[in-house]
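Annotation source Swiss-Prot lists signal peptide at 1-23, citing sequence analysis. Annotation comment: Swiss-Prot describes 141-240 as domain 'Gnk2-homologous 2', evidence class sequence analysis. Feature annotation from Swiss-Prot assigns region 'Disordered' to 246-270. The compositional bias 'Low complexity' annotation in Swiss-Prot covers 246-268. The region 'Necessary and sufficient for plasmodesmal targeting' annotation in Swiss-Prot covers 276-296. The feature transmembrane segment is assigned by Swiss-Prot to 276-296, with sequence analysis given as support. According to Swiss-Prot, the topological domain 'Cytoplasmic' annotation covers 297-307.
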């Protein structure tokens, strides 16, 4: 009976010592795993033999596996009658570890949000995945898939001039950055990225198109995101200055993501969360070790008393 009470006490002690550990760890990933949008084909694929499901599962496995090594990967799987092409891409400032954490969520989300459709695209804040069954109708790389604009507007303050200058800097930056660029100009943070297999010239054209859409669609809104089929851009204005953050991105290069990345206001909370998670996790490990030693000591004492 004493042993059971001791074990229960240990469990209660762990709950009291680390009640927010799970919350802290989650906060470290939410900045790149938030769902932005989904795109699902209306047609479900007919799969009486299960070949499509097998091909899709194999493709998902391949994409998730590659996300530990690179931020962009495209593959084709299946047979001549069940060909499926799929790809993933992570935001250019994510480390390989964060890229994997982001991409590994996408297969389940795709199945949950779209089911067994002949084409699917799921975009999170840090990565996206898409697949198409052979023969699916193609769309223009300039096609707008999704947009979101901030609710606050600041017309007449010189914001639009600063934003447009930042846009110009970013358009040039994605070329020198070979598909990814992020920077800050006079309190305006901008980020642009093209799909990994898009050349520099086409990338510049796609980003230019997205920036023009942002000017029209979002007007004087202090923030906005425009997602085209082959690229996306995002911007945020901070009147009091863009918050600083410590860099958590990997320095390793990838086929799709390189170039400059300055302070990203959208990830400042996430970077802090990671740091806190590491500290709290370390403390939890030490605390758990101490508790295990105490438990072992009590166990040995009980055995000694029994004799």
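Using N, Cα and C of the backbone, Cβ positions are placed for all residues, glycine too.
Applying DSSP to the domain 'Gnk2-homologous 2' (141-240) sorts its residues as follows: 37 helix, 34 strand, 29 coil.
Per-residue pLDDT, averaged along the region 'Necessary and sufficient for plasmodesmal targeting' (276-296), amounts to 49 for this model.
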